[in-house]
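Swiss-Prot lists 781-801, 1661-1687 with the feature region 'Disordered'. Annotated compositional bias 'Polar residues' per Swiss-Prot: 788-801, in sequence order. Taken from Swiss-Prot, the feature ATP binding site applies to Gln1134, Gly1155, Thr1156, Gly1157, Lys1158, Thr1159, Gln1407, Tyr1445, Glu1574.
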Amino acid sequence: MAENLSDQDCFEKLSSSKEGQHWFCSGLLTQYIQPTFFWFAHDETPSFKWVLNAYHERLRSCTSCIQAYYELRNESLAKGSYSFTGFSITDLQEKWNKWDIIRVLEDFKALEDETIDFTSLPCLIFETLLNPKLFTCKNIYKNAIDAFNGLLSDWCSNIFLPGYLLFFYEASHPDVLEWVHSFFKENTEIRISSATVDAVFNTVVFESQNSSDSDCNFVSISSPEFWERTYMFLELLPLQSITAACESILKDYLLNLVKTSESLSSQQMSCLRICCNSSSFWSAADSFKEVSSFLKNLLKNVTATPFEVSDMNWAYIIASFFRTCLNDFVSVFPEWLKGFVEEKRTIGFIIYSVLDALFDLLSLDYSSPSFLNNTLSLMNANSITILQDYPEYMLKLRLHSLLYDIAFISWSHKAITKNPSFVFDPSYELSPFWKLDNLQEEKISDVLFSKISSCCFAHDIEISENSTPSGTMVQFAELWQVMSEYISGFLKGFSEKSSTEISNMLGDSSKFDTVVSFLLSPTQPLYVSAFHIVQIITNCTKNRNEALKKLVAMDFRGIVHGLADAVLNWQSILSFFPALRIMRFLSITNKSLSSDNSAFTENDIPTLGAYWQCIWNILDLVFSNVARWSLNNPADTVKALMKLTLKFVDDLFQNDGIFIKLLAKFDSLILLGETSESLFSFIMWLKINDLELRGIVINSLCKLFTKFSNFDYLFEDRTVTFLTDFIIRKQKAHLSADQCKQLANVLTQASPEAKTVLEQHRLSEMRKTKKQTELTNSAHVIKPSPTPQITVKQNTTKSSSAPRMGMLEQLKQEYLTKRNFESKLKSSAVSSRKPTFNEVKPANLLAEDLSDNEDDIDRKQGLFSLAKANKIPEIRQQERRQVQLLSNSTIKMHPSQIRMMTNRNVANVKARLFPSMTDFYKEILSWEPANQSPNPVLKFHKLDGKIIDSFKTVEHYMEVLQPMIFMECWSQIQSTKLDLKFSPVEGIMVERTAVNNFVDIGVSVAPKDLYGYPLYDTEVVSLAFNKEDASSMKGLCCFAKVERIVRQTNGVLVVLRTLPSMEILNKLQGNCALWFLKLTNLATFTRQYAGIRGLPYFHLADDIIRARPCSQPVKHSSSEIKAAMKRYQVNEPQAKAIMCALDNNGFTLIQGPPGTGKTKTIIGIISALLVDLSRYHITRPNQQSKSTESKQQILLCAPSNAAVDEVLLRLKRGFLLENGEKYIPRVVRIGNPETINVSVRDLSLEYQTEKQLLEVNQGAIDLGSLQELTRWRDTFYDCIQKIEELEKQIDVARDVAEDTKSLGKELQNKINEKNLAEQKVEELQSQSFTKNKEVDLLRKKAQKAILKQADVVCATLSGSGHDLVAHSSLNFSTVIIDEAAQAVELDTIIPLRYGAKKCILVGDPNQLPPTVLSKKAASLNYSQSLFVRIQKNFSNQMCLLSIQYRMHPDISHFPSKKFYDSRLEDGDNMAEKTQQVWHVNPKFTQYRLFDVRGKERTSNTMSTYNLEEVEYLVNMVDELLNKFPDVNFTGRIGVITPYRSQLHELRRAFKVKYGKSFMSTIDIQTVDGFQGQEKDIIFFSCVKSYSKHGIGFLRDFRRLNVALTRARSSLLIIGNMETLKTDDLWGSLVDDALSRKLVESPHIDSEGRLITISRTSEKRMKNEEFVEPPSKKLANSEPSKEIRQRS
């Protein structure tokens, strides 16, 4: 022990410990540290100095050690105060405090001098917040305050309450005060000790008294602000913490003011008023004489001016004093008042004001109402007349009096029920106000009607037949008789109002709850009065059941709310007679629900869920308490309740019942989990001795088990164990063979473990029977071998031949026999069986382990023989449980296992988010820049074949797809080399560092050379020793990756990572000139590589490699789909897609053909996930959900910025909730602000971060600089938008051979303006943010906070892999990807790295696929999306959005038939909605093909064009414009073609025909460039004509689908029909148009057939390499009739 250790022993042990060992928090050296706290009593020795230094080192680096140090020191010195005699303990404490101050001050100075690491700062702040005494040092005070102010969000912990309280009195940092105030406001359950308050007040008082010697800026205790600050934190504390504060020196300060001051300030009065709520503020030692002077001064204001009823603080302060001495209030206070108050009315008012306050304070203490009996003697008819002139106060007093009676009756009934020997004052009299006629006065009636329900379950106390009621019971019965008559009369008076008036009043839920409560009352007059009210509002006076059914139909939600409140009230007494009434009420309610459950809508589901919870709570109470009730109530009545309950349970699960349907609406396991307690209580009824009831119990139990098993319910271990034991001991349980078999059958189906145990027992019994047969001559019975889990002893006691006792007799005797057997039972209660199924012994339940002796008692005494009849079970008053999933695990893991699992999870997350990228950069940086071959040379990755439909292992998947990244990257670099947009930049090499296998080269560059030269740390550049080599990438040149960019005062340092050859490395000498040229950005490729390297740790890894969607799609009923259609305002296919996305895990595929509302569906899914998913967390009506589930965050992605921003625009508008309110989710857009749509730029992370910084840190940022920064940033964005417009204009001008010099000059001016703006933004950001480390840290924290608070985070697929997202510890369980069919597979897996368990892919595989530059990669299926790969494997598990709202039916006819198996339907009235005036002209109808047999030509770029088609198309447009001059066609006409050369010719022709200005009214694009757009009229030029190479580009069915689905009202196709018919796909298009007589051609014969005039024999061609979309591969489709006939 520490007492026996010498100083030398302690020193040697401490000095021999390992370096860096944690001495305090580990607890290993406690006994050696404790004696050192007394060493300050002696002169300082070298040993002690060494120990102090060691302490200092450990307290500098570990917050846990700091906390343990103070606890250990205080504990040691406190113990030493009794035994240590060498020194004053107070002096010792003071010496340690001084050492702490010196130590902490040294560390702050060392931090400032940078002699210790910055990481010590948190420990210093931690200690100062923990120990307020440190604030007495002015330098510590200043440093700690400043540091805390800069890092506010890091210190949200109750550990620092001493420091937080101290900050309430800090005067120089209002922002700290505001933060601490917010912390207390948000954390409403803060617990503060009196010691904490003492420490804070001592510090503040010390500083106040020594203000001249201190720079610490605490408010003075003598100033009004001190009490204002005290009130500020007191009003935020719960009562428990106020009580603790009243046990501190704060109470002494206040009492001193009360006893010495003539008056108190308003701030002091406010503090005193709050403290008076605590019963510990005044003590019995505080005499009336001591405070009388204060009370007299307090009452001066009351007597001097007309009193106001509203301001009653003075009354509460006086009442708080008399709370501890009620006798003085009765005997002393009135006489004392007469000494200085003359008016009798004023005396009466003061007395009744204080009496009124006493009611409130005593109820706050949860005191017995009988404590006020003496004060009630003041309330008599004579004294009441004093207040007749003050009706408002008289009304309040009257209500208090009435409510007091209600509280007294309710409290007395509970007290006597729990303790029959309880005695209360028999002199109690009910209020005289009950006899007045004005109880129906609105102000009284409203309050009284809401409160009387608390005594609805009061009734005569239940006693056994042979017992004699006590005097208390008789007195209560008499009192209740009178009270019930009063209440009944009040209810009858209420029922005399008009039915309309009653209905309006019952619209208040509290009043409706009262009616429901009295419908459950066991007191007949009250029940009758309440029922009369029901008859009036339902207009049903004859049939009681019909009236109740109508009530349920009228307000089911109110019924459930009232029932729940009534049951909570009943739980506090759990008497028998209310149970009968409750069960009858439930039976009627259920019949009403089951008779017409079609009336219930989706909105009623939460209420039904709450009702379900309420039902099983009631059943649990009935099952658990029947044993106790049977002791004091007639047997027939108890049996009637049991039969009623059993029938009710059976009826719950009728096949057509409401709850069978309810289980399908929710996760059935969640709802059935509510039944676990009830089910275990129910199986105790198996021990009943009544044969009839036992049979009913077994049948009911078997039905329940069967129903639950159908829903895969996991029964609790204790339930299964009890039933298994019970079946094995069937003889002692009095079970017949059939009953055993019946129970065993359902049990084995429900539990495999039980099946194993019962089978082993059966085999054991067989061996036992055989053994006994062999030993017939033996004098004893050999015990059978034990079963593996349950040991069964052979009972040698012969059963009694006496007839079995009746149930009632047994239940009566149980009370007596239980005492006789109690000691015996205790000794035999230790079961010989082993625990089974992870069994945890239930606490305080009716059943215990079944020993032999207990079984004998069971057999003799029957039902509930194990209940402790002499002890009423404690009333369960727990808050109603929320619905939770049933936990399968009941075993606690060993701490080492927990640590291992935690470490493994952390490692997995790290591997998933931050895989090694070394091989990626090795591969790219090893490439030769001069190499111009189409494919790279791969040194570190091996090409391993095509992407197949399904992979078996992650490793194989990675081996195949990783090389695709490098082939695409190589192609990107080669493409950039052909069209260089930048020139090389010159710099000087200033540093060279070896990093692993790489060489990092620091190049110093002049800032002006980087203006307008966007360079990021993900760029790859060519690096050479001269400008020519860097540009041509020949000679001594290598690739380099930009590692980081450091802006310095004398230039910019660009650090380049390289893998140079020896020749280059040898030439890289100090200060040599280097040139680098920006080539391409590697961001997407690095994120793809990081994604695939982390794939083994993805939740969806197996689904990705096997390309499979959710394994078992959930089926939805028609009613659910209709409800979803109404909820989200969508059509049926969209509703199905939303529900599938909501219910399925894994991948969900939604195919959205053109115009079918993909975006609207996505918004519906987000709405369902963010808002409506809460319907699975059932709470009582009008009760706030307390779900502790983590925040649901959604990651929304798409391949392009435009697609992301399109959905974002819709999200920005918000969506409607079920109650009609608008909900706007918190949305954050991640990405380069340059690429984000202007309309949603305010949702960008950058914008929101700066906005938040401005709001929370105004003092740290110069407002002028910030405004200038905003102005330059706006200029930057405006320039980007203008540059995009100018580039489009130049593109068009070039096509029409127009001079672009002026446009080019304007473009260059805008580029220069943009570069200047970018330079200014960087400079201002550097000045405002990066120079201020604290603000820069706040910026990063703000970004993380914004991301964590977001409901939806939006980004491109590549952008979702941004490092900021990875480092923000975000977990997106749901990912939604729009346009998923346009993304390569490796892009799709990037957003899945954040723990995704649900991924919703939305797209259309029948439209254009992703663009892949590498022909080699494309040939290996790299251009195939993950969407398509999954579709190939599971085509029947796609949700098809099958209703289009874009095209006229004539236009949609062929795409629907050919590409969507005729399943693409038209929306309502689409023909009328798309009808246009030009349709009257037969040439410009909704859909038509024009046969133009021109000549195909090839341009220099090997692109095809057809001038005849150009001419024909221009003339058509001209004719359209001339024939309909009144129609404004601006922006309504689109011209598309598959070939870029044809695009140029078309633009040139229109320019010649109409001039330059016309080009802004018509949109001419390639088919690929027009995807995602739509126009009223589309002219489609096919180009191909008599080609030797077929129709080429046109053959891709996806391109054709895009082309045919862009038009809303008219689609006009111009092409050579003869050539087009040579292709199988296009031929079907021409044949379809011919059959519909929609082809205009001079080459059609009289029978409507196309005449062939080709000079070459052409046969219809079918592309062998590209397969047309088969009908079988459509979403959720079956083979068409045509296909089935062919097969």
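Even glycines carry a Cβ here, placed using N, Cα and C.
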Three-state secondary structure, Gln1134 (ATP binding site) (per DSSP): helix
DSSP state at Gln1407 (ATP binding site), helix/strand/coil: coil
Sparsest-packed of the listed binding-site residues (Gln1134, Thr1156, Gln1407) - C-beta count within 10 angstroms: Gln1407
Cβ packing number for Lys1158 (ATP binding site), 10 Å threshold: 24
Lys1158 (ATP binding site): secondary structure state under DSSP, collapsed to three categories: helix
Spatial neighbours of Glu1574 (ATP binding site) that are distant in sequence (at least 6 apart) but have CB under 8 A: Pro1154, Gly1155, Arg1446, Arg1606, Ala1607, Arg1608
Largest inter-residue Cα distance among Gln1134, Gly1155, Thr1156, Gly1157, Lys1158, Thr1159, Gln1407, Tyr1445, Glu1574 [record-listed ATP binders, Å]: 21
